[in-house]
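Annotated features in Swiss-Prot:
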- 1-30: region 'Disordered' (REGION)
- 11-29: compositional bias 'Low complexity' (COMPBIAS)
- 78-333: region 'Disordered' (REGION)
- S92: phosphoserine (MOD_RES)
- S96: phosphoserine (MOD_RES)
- 105-114: compositional bias 'Polar residues' (COMPBIAS)
- S105: phosphoserine (MOD_RES)
- S113: phosphoserine (MOD_RES)
- S157: phosphoserine (MOD_RES)
- 217-228: compositional bias 'Acidic residues' (COMPBIAS)
- 225-309: region 'Interaction with RASGRF2' (REGION)
- S227: phosphoserine (MOD_RES)
- 229-243: compositional bias 'Basic and acidic residues' (COMPBIAS)
- 253-262: compositional bias 'Basic and acidic residues' (COMPBIAS)
- S280: phosphoserine (MOD_RES)
- 282-323: compositional bias 'Polar residues' (COMPBIAS)
- S290: phosphoserine (MOD_RES)
- S304: phosphoserine (MOD_RES)
- S316: phosphoserine (MOD_RES)
- S334: phosphoserine (MOD_RES)
- 338-406: domain 'HP' (DOMAIN)
- S404: phosphoserine (MOD_RES)
Amino acid sequence: MERLQKQPLTSPGSVSSSRDSSVPGSPSSIVAKMDNQVLGYKDLAAIPKDKAILDIERPDLMIYEPHFTYSLLEHVELPRSRERSLSPKSTSPPPSPEVWAESRSPGTISQASAPRTAGTPRTSLPHFHHPETTRPDSNIYKKPPIYKQRAESTGGSPQSKHPIEDLIIESSKFPAAQPPDPNQPAKIETDYWPCPPSLAVVETEWRKRKASRRGAEEEEEEEDDDSGEEMKALRERQREELSKVTSNLGKMILKEEMEKSLPIRRKTRSLPDRTPFHTSLHAGTSKSSSLPAYGRTTLSRLQSTDFSPSGSEAESPGLQNGEGQRGRMDRGNSLPCVLEQKIYPYEMLVVTNRGRTKLPPGVDRMRLERHLSAEDFSRVFSMSPEEFGKLALWKRNELKKKASLF
């Protein structure tokens, strides 16, 4: 009877639950004993941390299970009192049926209650997973990455089983999945992104390329010297063969054939400039050399009459034929006169407002002043055709209106 009246011993920070049998494991009835005081679960949060309290788990994370060390007499006398003592960081699994049978038998009361009264901690299985540590390579955190494991495993084999995956892994090591060009200077590698190559590396590369270019130029000059010697020898042979031919016609034919067989070798740096601006400039000056003096200045300024505005032809009245006339063919004139423009007296070219006057055939209605002779032109406009061509378009039109030529 002393054993029945004896209260169960608990640790200083133990949690005991007075639960109803109908509701096993209810968190609302959990209490904790500390310094001979019974504390509810809500009061545990107000306890300062410097108290000597063992680890008390939250009720929603605790495993509630009946203790298996009580006897039949305890079940009769105390039907609703159950205890559960928690040792630090330890939980107990549910007992097996054999243990239940031994604990319920009356002969095992002292044996079952003896370890409980002693208060020794119980060993239990952990509620979380531990990785296997039997093998040294079982820890996944100490293993190399997967692609390195595959590279090590397939490194000895001549052909990989997954060439596409290996190619992707290999290309992922380079920025933009492009390996660097071995001919280019290496870039500076940082933690963020590869920087441009250093100036020292660029300078050395530039010096190497410059030296290689100098060597190539020297080789080219040597080849030119060799070719010059070959040309001299070939010319000497030609002279010997020409001296053997007696007839003049045979000499001419043989000379032409030999000139065709000569290798045409020219350096690009010795060739003249062939840019469009250069050619158009030279073409403009060559064309204007055969023209009169008053038309040469405007043509050299415009360089070509094909791209001049509609009034540019009026600036050069001396363009009588040639390229200037061909440039006006695409401006709507039906039948341009390729030959020299005809000269008419001033009275035949006058335009009046009274009625539509008949102009001579083949006359340009927009440039009637070109059909005037030099004497009539100076008499009507009081200036030379060269001075008239230097005036602005609106000024020329005003003068032509006054002279009834517009």
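Using the three backbone atoms N, Cα and C, a Cβ is placed for every residue, glycine included.
When pLDDT is averaged over the region 'Interaction with RASGRF2' (225-309), the result is 58.
Tertiary proximity for the compositional bias 'Basic and acidic residues' (253-262) is limited to same-chain residues at least six positions away from its ends with a CB under 8 Å from its CB atoms, namely 231, 234, 238, 241-242, 245. Away from its own ends, the compositional bias 'Basic and acidic residues' (229-243) comes close to residues 251, 254-255, 258, 262 of its chain (Cβ-Cβ under 8 Å, at least six residues beyond either end). For S404 (phosphoserine), applying a Cβ distance below 8 Å and a minimum sequence separation of six or more within one chain yields V350, V351, T352. Taking H, G and I as helix, E and B as strand and the rest as coil, DSSP gives the domain 'HP' (338-406) the counts 32 helix, 0 strand, 37 coil.
Secondary structure of the compositional bias 'Basic and acidic residues' (229-243) per DSSP, as helix, strand and coil residue counts: 15 helix, 0 strand, 0 coil.
Mapped onto DSSP helix, strand and coil, the compositional bias 'Basic and acidic residues' (253-262) counts 9 helix, 0 strand, 1 coil.
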